[in-house]
Amino acid sequence: MTISDTGSVSPATRWHLLPAEKVLEQLQSDRQLGLTSEQVAERQRQFGPNELEDTGGRSNWAILLDQFKNIMLIMLIAVAIISGVMDLMDMQAGRVKSNDIPFKDTVAILAIVFLNGLLGYVQESRAEKALAALKNMASPRVRVVRDGRVQEVSAGELVPGDIMLLEAGVQVAADGRLLEEASLQVREAALTGEAQAVSKRVAADLSEDTPLGDRLNCVYQGTDVVQGRGVAIVTQTGMGTELGKIATLLQSVEAEPTPLQQRMDQLSQALVTGSLSLVAVVVVLGLLVAGWGKLRELVEVSLSMAVAVVPEGLPAVITVTLALGTQRMVRRHALIRKLPAVETLGSVTTICSDKTGTLTQNKMVVQGIHQHSCSLSVTGHAYTPEGEFLLNGQPIDTRHHPEAIALLTAGLLCNDAALQKENGDWCILGDPTEGALLVAATKAGLDRHQLSYAWTRLGEFPFTSERKRMSVMVKQEGGGRITDAMGAIAPLLLPSSSLLLFCKGSPELVLERCQFVYVKGTVEPLSGDRRQQILQQNNHLASKGLRVLGFAARPLEALPAEDSAEETEQGLIWLGLVDMLDAPRPEAREAVARCRSAGIRPVMITGDHQLTARAIAEDLGIAQPGDEVLTGPDLEHCTPEELEAHVERVSVYARVAPEHKLKIVQALQRRHHIVAMTGDGVNDAPALKRADIGIAMGITGTDVSKEASDMVLLDDNFATIVSAVEEGRVVYTNIRRFIKYILGSNIGEVITIAASPLFAFGGVPLTPLQILWMNLVTDGLPALALAVEPAEPNVMSRPPHDPKESIFARGLGTYMIRIGVVLSIIAIAQMVVGYHLAQTIPGDPDRWKTMVFTTLCLAQMGHALAIRSNTRLTLELNPFSNPYVLTSVVFTSLLQLALIYVEPLRNFFGTQILSPLELLICLGFSLLLFVWIELEKILSRWQGKGAGVGD
Ligand code: ATP
């Protein structure tokens, strides 16, 4: 595909065979200026969005069919068939009543099975859509040059001809031809299956049939930049890319069943097996005791029991609750990528968080610069490049301080960030640490453009979290108007060469490589004393919580080889220190306190100096008296066992490299902790994968880290993790709440039905149809309303639950059985009263059955109201904090009345009209369950059990 003058597209071009200039020419683009907005708009129309067609996910048919693979529905279908056969036998034997609708139960059950399937389908496809929408939110952003400016755009907006900037951690968003590179290494496993990263080159001698994996001058969509930097021109987008050609796009948001959903599947199977066994026992025992004459009644009882025991509405309610949970989390800036994370979040015991940007604001501001002869402080606000340099409180003219100018020039040239004004505000594109250096240099009157003109960058040894430093090689081209900087730098150069290396990074590591120091325009040997003084000064600044960088330079005879960083960064000339403030996020302190009250230990893991880290950790409450600080080198030396012995006392890990994070997660997990771990870099991916909850940064995080994570923080904020944990706990509590509600009711129904033959009133009180009605409608609607119950006040003041605990743990199982028994006692007592009433007062003698049906339904309404809180009485709750419960209770009660008083419904559901007195009796009995639960709460309060009933 090429763009002709007329904008038409010609057949595929072999971009790897063309020199870079030719590619720029063919795609009518410019390395420095990029495309214009008009060109972009035109090409977006021409080529469409840079998206792969989504071939992942399930088709609609597959989702629908999946609904009917549910064992509970299969059992219901069996019940419908048996019921149909019985109706047929009745018809043949002439036992049909005149107003009876034939095959009513069969048709109704099948209809409900179908409706249930349809409902499940609607819910699941909505959940899939919601996940797809989340996936779009996670879509990567790309830095491009357009209209002569560096801009950040969404990957979908790329067009052929765009100049895209690549750096370690980004996922390449379109196919492209390289224009520039510095130590660029790309992992192309997504395309070639080769796990080893490939070093890319701008100039490569390739032939027509060079395979994809060897086309070193091209980059391809879906591959990951693991090291270095590069600039490439986009050649292909969307389905035209190499990945597009072979694409079966992996869903970036995975809808795996959660452990709870898996356990619920197992539970359904157990319930089905259990209910079939129960049916067998009832039929066999019944036949032994009462003989074959009772067969029909026994079969009816069995069918009703089989239907009653199965919580038909439960899977749907769980799916909806999890989906709603993810939506609530996204509103609080936590994007869930893997559904099981919602549940695991509730049981997190340790949160390991990065410092910079997560606990701090990542808005660096240079506070001071420290050279051999003096220290200067810097005034100003945020990124606005206006401020003064003060010496002992008095403003000075930096032009008279060559040491300061040399230091600031180094900071400006050894820099990849950009300072821009957007909507009237100054902002940084790129690394804020480098941005702060740009701002400081601009305050001293140094001009970025003039400096880059005077010194051309010829190479670099990029920054990595392992190296903790970065160097650039520059060549002095000419002075122009920047005589101050030229004059300050001149003493650093060799007479024979205009090549210079500037290095900046962790002060200890840079200083280690220095042999000289720059003093007032001359280069002197660096004495041991001076070295100690610099280290002390570094420690002093770091212990105030400041981020400190060291700077050095080295004259070069010739340009070093790309892989010679270790040898080249030696014998350096020390230029000085720069300290910058990165204030803690205001909300972080409170979030840390909330963690502690929730039984979760926050831990800081940072690449920064241990004293800086400790000062900030103490300020935020992360480090407490007696806590230990471990550094990267400490971690290198300790065995897994030694680390395991310390890990619970260490609250700060400083100067760590990403691979140490994996060690820390493993040690914590061996101590049975459930670990949430944040990360943003390429090399954080293994730790993120290993952690129970891997958390990537939405703003500063690399695509690779996002890909490996379970959750993405859209605002990079520590407080968001704590909010997500809270939401996770609310979801889990609500799931447990409606499981209690639904299964408690099922147990009550089963006992009532099983007991009914004992009373020999003749007939089963509840037909399968009525039971289905209860399980799906009168239980299902309030259960859905309970799913959105807001957090209980104690949700973040109790310890995390054990993820391996049974869903029935902490009293839930006994609660269900207890409530089931109470409900059945109420229903049976009512059955006895109702039966005698129906026999003594004229009317339909079967009215007692409708009374049992109504009592069970209304009792469940009381249950729904009472179960909203485990600890607080219903009267203490604001009915409007979850208006859905009250609404569903009123609505369901009205539906229940309609079943009794609206004739067609009455005929269909086989109910009988009740008198007002009978209705009142039902209401009176059903209220008893509500009263019982409230009494349980009072009792547990009285006994001083904080957790509440069934919790
Ligand atoms: P966190 O892991 O909490 O985000 P961090 O940002 O301090 O902490 P890194 O980005 O790995 O971690 O930085 C580690 C160290 O490397 C810093 O303390 C600093 O000394 C040095 N450093 C950071 N950014 C740069 C940079 N752009 N160029 C050179 N050195 C840097």
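Every residue, even glycine, has its Cβ placed from backbone N, Cα and C.
Nobody curates TrEMBL annotations by hand; they come from automatic prediction.
Annotated domain 'Cation-transporting P-type ATPase N-terminal' per TrEMBL: 14-88, in sequence order.
Annotated transmembrane segment per TrEMBL: 68-86 (among others), in sequence order.
Marked as transmembrane segment by TrEMBL: 106-122 (among others).
What TrEMBL lists as transmembrane segment is 270-293 (among others).
Residues annotated as transmembrane segment in TrEMBL: 305-325 (among others).
Within the chain carrying the transmembrane segment (815-838), a Cβ under 8 angstroms from the stretch's Cβ atoms is held by residues 739-740, 743-752, 755-756, 759, 761, 765, 808, 844-848, 851-852, 855-856, 859, 863, 918, 921-922, 925-926, 928-929, 932-933, 949-950, all 6 or more beyond its ends. Residues or ranges marked as transmembrane segment in TrEMBL: 815-838 (among others).
Residues of the same chain lying 6 or more positions beyond the ends of the transmembrane segment (880-901) and with a Cβ under 8 Å from any Cβ of it are 773, 777-778, 781-782, 784-786, 788-790, 850, 854, 857-858, 861, 864-865, 868, 909, 911-914. As annotated by TrEMBL, transmembrane segment applies to 880-901 (among others).
Sequence-remote contacts of a segment are chain residues at least 6 beyond its ends whose Cβ falls under 8 Å from one of its Cβ atoms, and for the transmembrane segment (913-933) they are 819, 822-823, 826-827, 829-830, 833-834, 837, 841, 843-844, 847, 850-851, 854-863, 865-867, 874, 900-901, 906, 949. Annotation source TrEMBL lists transmembrane segment at 913-933 (among others).
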Could you tell me how many residues in the domain 'Cation-transporting P-type ATPase N-terminal' (14-88) are helical, how many are strand and how many are coil under DSSP?
47 helix, 1 strand, 27 coil
